[in-house]
Amino acid sequence: MTVFEVKYEDLAGRIGTLRTRSGTLETPAFFPVINVLKKDEISIDEIRNIGFKNFITNSYILYKNNYIKDDIHKELRSEEMIIMTDSGAYQILEYGEIGITNLQIVNYQLKIKPDIGVILDLPTGNINDYDNAKKTVYETLKRAEEASEIIVKNQDNNIIWVYPIQGGRYLDLVKTSAEGLSKFEHIYNMAALGSPTVLLEKYMYDTVIDMIYTAKSNIKRGIPFHLFGGGLPHIIPFAVALGVDSFDSASYIIYARDNRYITRTRVYKLEDLEYFPCSCPICSKYTPKDLLEMNEKERTKALAIHNLYTILEEFKATKQAIKEGRLFEYLQEKAYSHPAVYSAFKRLMKYKDYLEKFDPRIRGDPKGLFLFDGNSLHRPEIIRHSRFLERYIQKKDKISIYCYDKAISDTAYDFKEKIREKIADRNESDVFIAVPFFGLIPLEISDSYPLSQFEIPNEIDEDVIDDMKTKIISFLRRNNYQKVELINCEKLGLHIDSISTSS
């Protein structure tokens, strides 16, 4: 059955709808982890009031404590909520053997009827031994096969079953694990990457980016993709850019227990804050000093509620960036919040061709590009234009290159209109505009998006200027112009001598 539909795309990220037996969920989405046995921490009602219509809870804990005996929605009085159940894999990661089998936990989930269920995979975690990591991959594959027969027999339950991908930092194992889904696509309607939690705790964001890319690039694009344990706002938009559709985490409460205050750019110790940089209901009502004077139970709940508001805000900001076609710019903005986040951004740029492949060429309401520095050279629009120049067919023996200057015209559109006025009916040369980031823009296509819909800084970084010169030289070398004319190019340091070796 088709459970996932895409509404908007940007880079390899998307806004979509996940159809479940209890309703439709817009993605990217966050599933707060709730331990329903710990009612003194965060309740389902509080999750709902914050703005979540979904959560994840641990079926192993429910089974072990005989807490839910029938329909989980009815017993938790959450008929309108979308409920995902995890299988106990996290407990295996923490404690080792947990005394329950894969088939037992699958049958239990069939009994309590969550919207989304997970088989009992064997998580790789932060295993540094390749052979042991390999065992977790093949054991998880074995368990996926083992559970498939029961799942097929009970398809009337309309549970979305998740295929867990393991392998940890060993990307060849992640690839093997992801490829295994092809055998079960009619059974498992959702895929999930496991084992990033320990790496995220150690700020190894770039490694997690590698893992996500490897998993995503080895399954079909249309399959919704979940990231277990990905609950920090710092990494969320980068994971979304690669195509992660949903996340879960208990970070909001774990950090709260340790007096840690999550913002969209970093995590603070409560003791280090004089002011709250937030206007959620908690931060509007209390000061850091107020929270420090609370008893531990009250303080933990207050911090957890704030942390959830922050996570929800990050998802809204990420979706808005996708809707506007500005996800790349948003990632650039986020990248400078922490060196580990910048490392994640730089690692993401390693996969720029993958991002370009799925980035839409045409948008319903296109926005102008904001181009900043050398990192902007990796944007899909810039990559596509470079490929276009490689295919350009020379028409004349002469080339006239006008260098773009913001001092002459505020916008690229006005600048190229002035060029048209200058050349009037002259038709003796191929006319181009030299623009940082783009390299050369043929005048005849300069009206097309985004070639006249962009903003660049007044001062251009040297590496961007060097890139422009390289693109121009490469273009001239590929063609056979008998005469090269440069107009108004002194400010960009472009002159005949600098390109003469290309002719």
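Cβ coordinates are placed from backbone N, Cα and C, and glycine is handled just like the others.
Here's what Swiss-Prot has on this protein:
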type	residues	note
ACT_SITE	Asp86	active site, nucleophile
BINDING	Asp121	substrate binding site
BINDING	Cys278, Cys280, Cys283	Zn(2+) binding site
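Counted over every protein chain shown, other Cβ atoms within 10 Å are most numerous around Cys283 among the binding-site residues Cys278, Cys280, Cys283. The DSSP secondary structure for Cys283 (Zn(2+) binding site) is helix.
Asp86 (active site, nucleophile) sits 10 Å from the residue listed as 'substrate binding site', counting Cα to Cα. Looking at Cys283 (Zn(2+) binding site) and the residue listed as 'substrate binding site', their Cα atoms lie 39 Å from each other. The DSSP secondary structure for Asp86 (active site, nucleophile) is strand.
What surrounds the Zn(2+) site, by Cβ distance within 8 Å of the Cβ centroid and not counting Cys278, Cys280, Cys283, is the set Phe276, Pro277, Ser279, Pro281, Ile282, Ser284, His306, Tyr309, Thr310 from the same chain.
Proximity of the residue listed as 'substrate binding site' to non-local residues of its own chain (separation of 6 or more, Cβ distance below 8 Å) is seen for Ser87, Ala89, Thr140, Arg143, Ala144, Pro164, Gln166, Gly194, given in sequence order.
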